[in-house]
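Report on the following structure.
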Amino acid sequence: MQGAFTDNTNNTGSEKETNVVIVRYGELALKSPGVRNWYEKILMKNIAAMLDSKNIPYSLMRREWGRIFIETTDPRAAGAAADVFGVVSTSSALITKPELDSAAETCAFLGKKIIQEGESFAIRARRSGNHSFSSADIGRACGDAVWNMLESEGKHPKVNLGSPDREIFVEMRQNLAYVYLETVKGVGGLPLGTQGKMVVLMSGGLDSPVAAWLMMKRGVMIIPVYCNTSPYAENAAKERAYDCIRQLQTWASGHQFTTYEIPHGPNLRSFIEMCDRKNTCLLCKRMMYREAYEIMKKEGASGIITGSSLGQVASQTAANMHAEIYQLAIPIYHPLIAFDKSEIIDIARKIGTYDISTRSAGSCTAVPERPEVKANYDLIVLEEKRLDIENMVSEALKAAKVLKL
């Protein structure tokens, strides 16, 4: 069932309680009113697309100040919404009237279901809007209701505000109150699509998918580019890269990637045959940047993303990374520049690309035995003068494939 959007609710809570997912967001709330309104609308569309992609039904999606509410009975909804960029946390909750008695009754109902003999509990209450009672009043009323319910069940209630076995949360707003038991941590960041588009050089290894995901988390829609280095790489390398792109697509419901495959083998052959072998990797990367830059302009994007991490491999020295962009007026983003390998692996596991990226796909046979690690910038430019760089870029792009994976 497709849901509907509304900006507020006039529901007074007079109906039977229904299940709802509370969606919280972070830095969106710091934006100016106009920008915030725009971000929230995009976030709601992205959440709706994520729910639809997982066949999770909802009857209504609405927003109030600082919150988005999804009315649904599907237990998967909170987890799905938490995986949408821009969402800080979610909670599956019960709706009730914004009154002490109603909130207390709902807390007692949930407490009866979850609190076992010998377990301690605490009520965590907060409120917004105009009410004749304080958050402390909510806590006392709801705590008393749970205590009395437990005693009526023959249990021995215990309150522990510091480290309880069970917690019941109450969020009292102007028109409705919400009672819930847990919070699902979201991915955070900004809604996908709010920060334009960027090209990402996608190799299929551990690093580039993580770099792409981190920029998606900051609201950037990615355009994956795979430079096919065949015959210097196995076909398994291409399949691995494509599978990583497909996995990243699951984080971008409602946003279809446009993927480019560029034949890069002929250019590599030229570098090997006509230039100093130690510079092959540097020349290769500079060519990839040029090719990606042309796609960036074609797609109306505003930057190029790489998976480079300073010092991680011999070729990723500060000098080499400078040489890779020397005299190239191209905006390059390195989101992993200061990450340890262990941190990159942790994120890869989280986003679902680790098992793909660690599949055996062979190594690039064009890599020299002793690659340059401290490049001479001007020498690299002189190396390129031996080649018809402009024509090499043009021919590669003419043969590029445009894919919807």
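Using the three backbone atoms N, Cα and C, a Cβ is placed for every residue, glycine included.
Swiss-Prot names Leu201, Met202, Lys285, Gln316 as ATP ligands; from the candidate set Gly189, Gly307, the record adds Gly307 to that same site.
Listed in sequence order, the residues of the same chain lying 6 or more apart from Lys285 (ATP binding site) and placing their CB within less than 8 Å of its CB are Glu324.
A simple Cβ count within 10 Å picks out one of the binding-site residues Leu201, Met202 as the most packed, and that one is Met202.
All chains included, 24 other C-beta atoms sit within 10 angstroms of the C-beta of Gly307 (ATP binding site). Here Gln316 (ATP binding site) comes close to Ser308, Ser309, Leu310: these same-chain residues lie at least six apart in sequence, with C-beta atoms under 8 angstroms from its C-beta.
Spanning the residues Leu201, Met202, Lys285, Gly307, Gln316 that the record associates with binding ATP, the maximal Cα-Cα distance equals 16 Å.
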